[in-house]
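This report refers to the structure that appears directly beneath it.
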Amino acid sequence: MNVTSVSFPYGESIHWFSPQKIQSLPDNQLKDWLLATGSLTQRLKTHCTHFEVKILGEHLLTPLQDEFPSHREPVWIREVLLCLDGTPWVFARTLIPQNILDSTRNQFTHLGTRPLGELLFTSPDITPGNIEVAQFETCGRLAALATSLNQQVDASLWGRRRYFNLHDSQLIVSEIFLPAAVEHINNV
Ligand SMILES: C=C(O[C@@H]1C=C(C(=O)O)C=C[C@H]1O)C(=O)O
């Protein structure tokens with residue numbers, strides 16, 4: 001895998017839609033994955049022997065334009081690849097505001113290769129919020145990332161963005177399904 005943290009951050013500005021508003025959700029098994037509310041990590045682990053979080057980068061950075069309107073100051077940005085038996089299936093980009101870092105004693109900044117979901121789905125103070133979806137064109141940065149992972153991008157990529165509520169704040173987790181994942185999901 002010739003992806004390095006040199007190109008971090010990989011995220012690109014995208015227009016996210018409420019699932020009720022986007023007319024053209026994929027009409028195949030991927031739709032269920034896009035809208036599922038549980039831990040993606042737990043679901044991915046049922047499709048492999050070895051699950052691994054590869055960190056592309058983590059840093060306090062300013063969000064992309066319109067990515068986090070309530071936070072124009074730097075937030076903790078974590079980008080990872082979720083790999084199943086050595087194959088990257090998901091690119092994930094998480095944005096965590098400073099007040100959540102402070103109120104959780106910086107647990108999120110010391111995750112390392114532990115899946116974020118281990119924190120999000122075990123803390124009684126964190127509740128899943130809305131889900132939004134988006135389609136990524138084949139000419140974008142994330143398509144280029146997929147290509148650099150030796151995954152052929154024949155069609156636009158699909159992703160979702162989930163909000164997680166903690167006290168009176170939110171963090172955002174975006175997950176883009178790479179071609180290897182879509183190939184498996186739609187052909188199981
Ligand atoms: C939110 C979850 O955590 C996963 C793990 C991530 C990480 O380690 O950075 C990011 C996105 C998720 O797919 C989950 O398991 O649902």
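Keep in mind that glycine also has a Cβ here, set from the backbone N, Cα and C atoms.
Heads up, TrEMBL stuff is auto-annotated, nobody curated it.
As annotated by TrEMBL, substrate binding site applies to ARG78, LEU116, GLU175.
Everything TrEMBL records as a feature, shown here on the structure.
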residue: ARG78; record: substrate binding site; DSSP class: strand
residue: LEU116; record: substrate binding site; DSSP class: coil
residue: GLU175; record: substrate binding site; DSSP class: strand
ARG78 (substrate binding site), number of other Cβ atoms within 10 Å: 22
Set of same-chain residues at least 6 away whose C-beta sits under 8 angstroms from LEU116 (substrate binding site): THR41, ARG78, VAL80, ALA92, THR94, PHE108, VAL173
Substrate site shell beyond ARG78, LEU116, GLU175, criterion: Cβ within 8 Å of Cβ centroid: GLU79, VAL80, ALA92, ARG93, THR94, PRO115, GLY117, VAL173, SER174
Around the Cβ of GLU175 (substrate binding site), the count of other Cβ atoms that are within 10 Å: 21
